[in-house]
Structure formats: structure tokens, C-alpha cells
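Chemist: Attaching a single structure in C-alpha cells format; questions to follow.
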Amino acid sequence: MGARSGARGALLLALLLCWDPRLSQAGTDSGSEVLPDSFPSAPAEPLPYFLQEPQDAYIVKNKPVELRCRAFPATQIYFKCNGEWVSQNDHVTQEGLDEATGLRVREVQIEVSRQQVEELFGLEDYWCQCVAWSSAGTTKSRRAYVRIAYLRKNFDQEPLGKEVPLDHEVLLQCRPPEGVPVAEVEWLKNEDVIDPTQDTNFLLTIDHNLIIRQARLSDTANYTCVAKNIVAKRRSTTATVIVYVNGGWSSWAEWSPCSNRCGRGWQKRTRTCTNPAPLNGGAFCEGQAFQKTACTTICPVDGAWTEWSKWSACSTECAHWRSRECMAPPPQNGGRDCSGTLLDSKNCTDGLCMQNKKTLSDPNSHLLEASGDAALYAGLVVAIFVVVAILMAVGVVVYRRNCRDFDTDITDSSAALTGGFHPVNFKTARPSNPQLLHPSVPPDLTASAGIYRGPVYALQDSTDKIPMTNSPLLDPLPSLKVKVYSSSTTGSGPGLADGADLLGVLPPGTYPSDFARDTHFLHLRSASLGSQQLLGLPRDPGSSVSGTFGCLGGRLSIPGTGVSLLVPNGAIPQGKFYEMYLLINKAESTLPLSEGTQTVLSPSVTCGPTGLLLCRPVILTMPHCAEVSARDWIFQLKTQAHQGHWEEVVTLDEETLNTPCYCQLEPRACHILLDQLGTYVFTGESYSRSAVKRLQLAVFAPALCTSLEYSLRVYCLEDTPVALKEVLELERTLGGYLVEEPKPLMFKDSYHNLRLSLHDLPHAHWRSKLLAKYQEIPFYHIWSGSQKALHCTFTLERHSLASTELTCKICVRQVEGEGQIFQLHTTLAETPAGSLDTLCSAPGSTVTTQLGPYAFKIPLSIRQKICNSLDAPNSRGNDWRMLAQKLSMDRYLNYFATKASPTGVILDLWEALQQDDGDLNSLASALEEMGKSEMLVAVATDGDC
């Protein structure tokens, strides 16, 4: 009722303002006069324009809030709250003139109390808006919502104290209490506010959790989660984080001397638990602080004299002598030498000798004589050495002088002929190579054939003189042109396709078509990947694709390989366009070398160019051949550095916040979220010898056979589309066809080889040229994954050309493992039509590049609604974390938590997973299970369209 009376009053007031008494009087006095045809009119007044609109407000405790609005030109302004007009008495109105326009500005203000808000029933919040009138009409302002502010006392989840080792990641969870407006969260470390911009070791996630990337000793502290809004401020219980250090042993000291100088004893060495010392309750070092071991010191043996020898004959000096040796035993192990003299002499004439000689028993006389002889010999040796040195020096001087005079008259004809360059290691081809003379003999496809042959020039007659001048020795090299051929192994196999010009023009004959291989092509390609100039990048249409993308994103796909690159919307900065490429590296040299039980599980894929600025991760999809259900794998993603060596990017299930990517592992493919483009490969390692790789076996035979020999080639390949496609391309060049559909084989990490054998051959018409009962492919050749097109060849010979039917069995199995049997029946006179073409055009899209919205299944508008609804965490938990769980992408949620829009990254990954046959139904089902019915309606509507 009050609202109606207020409306009536407003209408009456408007009529009074429009009524002019002078017009009424004139009509009364001269009612009989004719009215003029027209009246002078004032300029039309515009619609009211709001200078100030009411803003959202919160009622704190019992204090009412004020809502105000200003508009011009306006004759009246009234508030309408929840669809009903506010009483005129509740309005406070002020009027003024706008200095710039001279128009009348009206300002109205009302108060909304807590009681008014609480009296409202229904799901909608209390709202008010202004309605302004002018002679031109009315204008409505925005709705301002008035809510009662509050903040609950109890946190939904409080942080818990932890003890963590040094350098480990720490996660402290906090869910603030419910409140209006939503509480802001900050973390305190010992009562100091944590600012991640100042200390990058801290990270605050979108759901208010605190992550310490690498725990330091200084991070040992008390942590408190604080939630606050305009009403109150709440503190959680304090969580104490203790960063401890486990003790580590120092290096062992040197062994002490043996305790016993002679015989058996013991010695010890020590170490201390100081590397590092245990801190903050860390564990003490395990093991002994000292080691003790037995030792044996060989006892010293003192020397002893032997018996004296017999006396010698009497000499001219009238003396005879005798000797002894210190050999009974000799001194050993540091024992003392014998004391006494070696020689003993005495007069042998009983004093009748008249000569006065020194007795031989005088040791000093013998020593003097010996020293004199030594000096004499030394002097002679020195003199001879000096004379020889002088003679040699004179000879060298004379020789050099003669050579200098002789060289001025000599012309080196060989140097003139070759221009100062000498050929090194010229080798001619061997024409006796059976692979070249007999194309029917099956080649060994496991050996690569990247052979370079340069032009051969005939040497000139040595009698011809070429004068030496100051001109360059060699003319400038002509520009280089590289012709690229697909793989071929027989001498008659022509090249299939020419590559793009990479460097220029090369003289004809540099690369013969019968020996050109993909290996050289890929070496040249990988050498140029660092450049962002894509015009000179050689491209193989079957293994590479490129496209230009902007901020709307898109998708690159290599048909028939399962390799693709998804560029999400917003990954490329606004206003920029990148030409991006995706290629599969075919050369074996582009794969990492396997170490131990490690194996390559995917092709080596390059996406580029490197160094691009990306605003959000792109998704690279690669097929793999691991049997993930075995659950005995250690999976790793590796990237190739600029120096060519491979580096580990991430080990699955060992991610940290510093991990630069995320891997979503599916049964047959892995989807990798990348911030940096480059060359990547997926590898695995078995840690208990029970991991299993998926292989596929394919049997090929010649499409036409005009000789008595007939070859069956059995390939053992990784179970990926890329591996089969490469072999199909190879066999097309060899003129082979696929005898039977490829069969799968589970190959176990057991060190057992793969054994192939031929059975049930009709010996009346055929015979096998294989001498052994079976062939084997070594285990490591298969398990490493770095060798391509592994195969064995069974060469058969028919007794006559009239034999055109061949039936046999080929058994392929791993020793003590699984196997497959091929039952072959073929007719040599017939060529199965399209057997290779059918597989080469296997299922899968042939579209290589999709741009903008055409590359995505979720429309941008629906995607934005889903992100807005799920990005913000809530107490019920039906946010982006539950979406990741429903879509089986919750292996490491912290990766998504660090992104500005976790939901957006999850939806990007979902787009990559649904490339081939996905629709919106799976996403709609996940949203329905989460209780997001409003999102479900939008998704279902778009899905029906």
C-alpha cells in the first residue's frame, strides 16, 4: 500500500511540474481565439545519466548501510528494492547544477537496515536499484546487493605440524571458515607475514594452501593461517614445521699402524657423524663409527755370517786370505746387517817373507783403491760423452746448410699437382658386394646404409708442371644442394622424393640415389632445429607438419602416427603469431642410448621452434609401447639438450613443484603439458625384471617373384603407429606386401631372446636355405628400443618356377615367454591389391592443422563458465580438484594448483585426450556427478547442437 501511494505521489508531482498557470489563464480569457499552428519548442532533454550508481554493501553487526546514486538530468530519483518502491519519506534528496553542462544534478540516498535484509525470504540476496526520470524517459541503475557480513569461528581445515627432511617439499593445508564476503587468507611464519614475491621458496596456491618448495633449516618455524574479512579476523592453530637433518658419515680416516711390530696384531680406522651432523632430531648415522681389522707385520730378520771359506794359496805378497758372506740368513724386513769383515788374511810364510806390504785384512786400503778406480772410470765416460756430443752438433749444422741450398733448386711436383692438399683415405667401392649384384638376396635391414660418395678425379700426369702463383689454391666451393631420398637397401631402388634446398647447389653425383638414406636427411634436419627460421627446415610430409597460430590456438597432427601438439586458447600472447612445427625424428642416432634395463618407449618427437614465450602449457601427445598394467615401470621423460646429450625432465610419481611439466599416462599414449618446446622421448626402466613391452609382428613378402628364390621378412616392431608406418614405407620401396595382419606380442624384461622358426614347409616343392632350425634376435636389440626395423629373413627356394603356391607356419616367441604363430598361404603369381595402401591409410584423421575454435570440442563460452565455477575452492570440495579426480587427472594436483586457472589446464588436457573420438558427454557426466547442474545444462545443450 505504501508503495502505491508513493508512486501516485510521484506521478502527481510530475504533472504539477509540467503545468503552467499562464497557459490556463490564457485559455480561460480567450477561449474563442484560434490556437496558433505551432509553438516554440525547447531543445529535447536527454535520458538521465547516472554519475554514481549504488554499490554492493555489507552490513557489519547492526550498523545500517547507505546506498546513494547521482544522475543528471533528472527530475526525480527513487530507489526500488526487491521489486518494491522505497517510501518517499526514506529518501534523502539533494539537488545542484553541473558546472560543465548547467543541467540539474540530483542525488538520492537511502539506508538499509539489518532487519530489512533479514526479513527477505527466498534464495535471492537483498538488492536495490535507482530509477531516474527526465522528460525523455527513465533510466535504471545497476543492482546493488546488500548482504549481512559474517565470518565463522572454526576453520574447515587447519594446518598440521610436520617434521620433514632437508630439501623436501612441505604442504600445509588451510581452508578458511565460511564468511561473507569471502575471507582473505594470509600465512604467518613466526608472526611475520609470508610474501611469496620476496621469498620464492614459498608458494600460495589458489585453494589457500602453503607450499614450501625445498625445506631449509631456516624454515623451521611456527606457521599460522589467518583468515579475515570486514567483520573479523580468525587465526588457525599454529602448525610447527621442523626441518631436520639426518646425520651422515664423514670419509674414513687412514688405517692406524699395526699394533704389533712383529707378527699378528690389529689396526683400526674411524669416521665421524659430521657430514652433516644430525640436527633438529634428525637420525644419527647408521653403522659403526670405527672399523677394526687384523694385520700381520713380517718380523725383521737380522743377518748372519756364513762359514769362512778355505784359505787361498799363498800370494806373491806372502799372504793368503779367506772370505765369508752375510747370507745365513741375509738381513730381511729391516733386520740388522752383519757386523765384522768380509775378508780375513794372514802371512803364509811364518814371517820369513822380506816384503813389507799392507795386509789384505786392512779394509781401509781396499776402500781407497776401489774409490780411485771408480773416479778413473767416471772421468773416461764423461770425456767420451762430451766428444760425441760435439761431433753430433757439428754434423747437424753441416746437414742443415746443405739441405737449405739443395731445397732452393727443387720443385715439389706432387704439391703443385694437388695444390698443397693431399688425398686422405680414398677407398673405391667393392663391386663384389653381393647385395649390389644380386637384388633378389634379401638385405640385412638392421644395418644402416648412409654412405657418402664424392666425385672421383683422375690424377694428372706427373710430368706436367703447374706453376705456383698467389691465386687461391682452391676455387670457392659451389653452393650445396642436398637431395633427400627415402630408405632403400637394394642397388636398384630409386629415391622417392626430393627434399627442400637446405644450403644451395651440389655438383651432380654427390648423392647416388641407390645409397641415399633418411639418416643423412635427419642429421641435417636436427642440426637446423635451433633456428627459428622455418623456411629452410627440410620437411618429410609423412613425418612432419607445421602451421601458424595466434592467441586462439589450434592443433598440429601427423596423420597415422598418433603424434600431435595442442596449442590451447591463450597459450600464445595476444597479437602475436608463431609458426610452429612438429616432426618425428627417424634416425636411430636421434634416440638416447639405453643404460641397464632402460628402454625407449616412444618415438623421438621435436616440437618447435624452441625459446617461444608461452602463456600457458601446450600438450604434446606421443604413442608408447609400455604395458602399463604391469605396474613395474619407472617412467621418465627426457629432452635433448643443445649439445646433443639427453637429460631427464621428470620421473613419474616423483614430481615436485620445480618439475617443469606434467605427464598424463594412458594405456597407449602419454600426454605431456610443456612450458618449453624441444625434442622429447618417453623412456622406461624395469625395477623387478617383470616389466612388459608391447610389440607387433609383421610378415612381408615380395609382391612379384620371377626367380626360384623367395624371401619372407618377419619384422619385430614396437606397438606404435609410427613404427609400423616406417616399415610400410620401407617395404613399399622394396616391392614387398603385407602377407597377414600384424599380431601383438608381449615382450618381458627377462633377458631371453626372440626366437623365430619356420614349420610345415612342403618339401616336395620348396626348401629352406636356412641351415639352423631357428633364428634369434638378441634380447637387448629389442629391449633397448633404439634399433629400428629389426627383422629376420627366411630365404626359400622352389624346385621349379611352376611352384606358385606356398603354405607354411612361422612361429615367433620369446624364449620362456609368449609367442604368436602365422599361418601363411600365398600365391606367387598374384599380387594382393592395396595391402600396403590399406594400412598406410589406416584409421585416424588426415587433417594435419586445425586453427582456432575448430581444434577444440568445448566452445569458448562454455569453457569460461566452467572455469569461473570451478576455479575458486569451496568447502564442499566440488571444485577443480573433484573435476580432476572424475577425469582421472589427479595423479599430482599440485601442478594444477600452481596455475592461474587450474580448471583451464585440466580442460586443455581433456581436449588432448579426446582428440579422436571424444565428445562432450564424458565431461557432462563428470559435471553431473559433481552436482554442477547449471554447467550441465550448457554442456548438454551444446552437445545436442
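Placed from the backbone N, Cα and C atoms, the Cβ positions cover glycine too.
Just lifted these from Swiss-Prot, have a look:
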- Cys69-Cys130: disulfide bond (DISULFID)
- Cys81-Cys128: disulfide bond (DISULFID)
- Cys174-Cys225: disulfide bond (DISULFID)
- Cys258-Cys295: disulfide bond (DISULFID)
- Cys262-Cys299: disulfide bond (DISULFID)
- Cys273-Cys285: disulfide bond (DISULFID)
- Cys314-Cys348: disulfide bond (DISULFID)
- Cys318-Cys353: disulfide bond (DISULFID)
- Cys326-Cys338: disulfide bond (DISULFID)
- 378-398: transmembrane segment (TRANSMEM)
- 399-945: topological domain 'Cytoplasmic' (TOPO_DOM)
- Cys403: S-palmitoyl cysteine (LIPID)
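Tell me about the surroundings of these features in the structure.
Modeler: The secondary structure of Cys69 (disulfide bond), as reduced to three states from DSSP, is extended strand. Counting only residues at least six positions away in the same chain, the Cβ atoms of Phe50, Gln52, Glu53, Pro54, Ile77, Phe79, Glu107, Val108, Cys130, Ala132, Ser141 sit under 8 Å from the Cβ of Cys69 (disulfide bond).
Residue density at Cys81 (disulfide bond): 21 other Cβ atoms are found within 10 A of its Cβ, drawing on all protein chains shown.
Of all Cβ atoms in the protein chains displayed, 24 besides its own lie within 10 Å of the Cβ of Cys174 (disulfide bond). Following the DSSP three-state reduction, the secondary structure of Cys174 (disulfide bond) is coil.
In the three-state DSSP scheme, Cys258 (disulfide bond) falls into the coil class. In sequence order, Gly265, Trp266, Gln267, Cys295, Thr296, Thr297 make up the list of same-chain residues 6 or more apart from Cys258 (disulfide bond) whose Cβ falls under 8 Å from its Cβ.
The local packing around Cys285 (disulfide bond), expressed as other Cβ atoms within 10 Å of its Cβ over all shown chains, amounts to 19.
Secondary structure at Cys348 (disulfide bond), as computed by DSSP, is coil. Around the Cβ of Cys348 (disulfide bond), 17 further Cβ atoms fall within 10 Å across all displayed protein chains.
Sequence-distant neighbours of Cys338 (disulfide bond) (same chain, 6+ apart, CB under 8 A from its CB) are Gly303, Ala304, Trp305, Cys326, Pro331. DSSP classifies Cys338 (disulfide bond) as coil under the three-state reduction.
Nonlocal intrachain contacts for the transmembrane segment (378-398), taken as residues 6+ away from its ends with a CB within less than 8 angstroms of a stretch CB, are lacking entirely.
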Chemist: Are any of Cys174, Cys273, Cys299, Cys318 (the disulfide-bonded residues) within 10 Å of Cys348 (disulfide bond) when you go C-alpha to C-alpha, and if so which?
Modeler: Cys318
Chemist: Please report the DSSP secondary structure of Cys225 (disulfide bond), reduced to three states.
Modeler: strand
Chemist: Compare the Cα of Cys262 (disulfide bond) against each of the disulfide-bonded residues Cys174, Cys225, Cys273, Cys285, Cys318 and report the nearest.
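Modeler: Result: the closest of the disulfide-bonded residues to Cys262 (disulfide bond) is Cys273.
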Chemist: How many other Cβ atoms sit within 10 Å of the Cβ of Cys262 (disulfide bond)?
Modeler: 12
Chemist: Can you give me the same-chain residues 6 or more apart in sequence from Cys314 (disulfide bond) with a CB-CB distance under 8 Å?
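Modeler: Residues satisfying the criterion: His320, Cys348, Thr349.
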Chemist: Since the record lists Cys130, Cys225, Cys273, Cys299, Cys318 as disulfide-bonded residues, which of them has the fewest other Cβ atoms within 10 Å of its Cβ?
Modeler: Cys299
Chemist: Can you count the other CB atoms that lie within 10 A of the CB of Cys128 (disulfide bond)?
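Modeler: Taking every protein chain into account, the count is 22.
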Chemist: Could you round the CA separation between Cys81 (disulfide bond) and Cys285 (disulfide bond) to a whole angstrom and send it over?
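Modeler: It is 73 Å, counting Cα to Cα.
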Chemist: Including all protein chains displayed, how many Cβ atoms other than that of Cys326 (disulfide bond) lie within 10 Å of its Cβ?
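Modeler: So the number of other Cβ atoms within 10 Å of Cys326 (disulfide bond) is 17.
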Chemist: Can you tell which of the disulfide-bonded residues Cys225, Cys273, Cys285, Cys318 lies nearest to Cys299 (disulfide bond) in space, using Cα positions?
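Modeler: Closest by Cα: Cys273.
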